[in-house]
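Structure record follows, encoded as structure tokens.
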């Protein structure tokens, strides 16, 4: 019994010594490794901060993506509504008896209004419209010019209405009422006084000359210039 008690008394200091020695050893080891531990801790801290920074933009991107998706859906729905409104308005315009809806095609492949006015005339106001059936030419500028087929065209060969112009042309007699100049052989002799000195006049027979003497004041030309 005494031996057991003595052995127990010896174990208590040994246990205490080992515990104290162990703690001292651990503290020494930690003291030696403090730099490494500190570097590891700092590295871990940096890694955690980086991870937090990475997570925050991802979360913002996810929120932005959800917002953009919702915005896109709203945009699509708005576009569909606008298309529906446009279709309804177009149908109403086509069904309405408006100017554009009542346009027709004429025989000349031109767009004509119901009032037989050309579509370009209604827009520009100055385009020329020719109506072949009525033989008239209308300009839509508050001016109407009528051309008739039966309109008499005045003869330019009349003596009293000849306008002297381009006097440098030797082949035309602009003053037919006066006596033909003998110095200009290119002018046709309109009177009966034929000159024998003019080699460019056409030779006439005696019958023709007699007829010309009978009709001295006729307006028909008596000769035509011809070059030999």
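Cβ from N, Cα, C; glycine included.
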Margin query: Looking at 10-30, 31-51, I want to know which stretch Swiss-Prot calls transmembrane segment.
Written below: 10-30
Checklist line | Intrachain neighbours beyond the transmembrane segment (10-30), with Cβ under 8 angstroms and 6 or more residues off its ends | finding: 37
Check: Roughly where does the topological domain 'Cytoplasmic' (31-228) sit in mean pLDDT, to the nearest integer?
Finding: 58
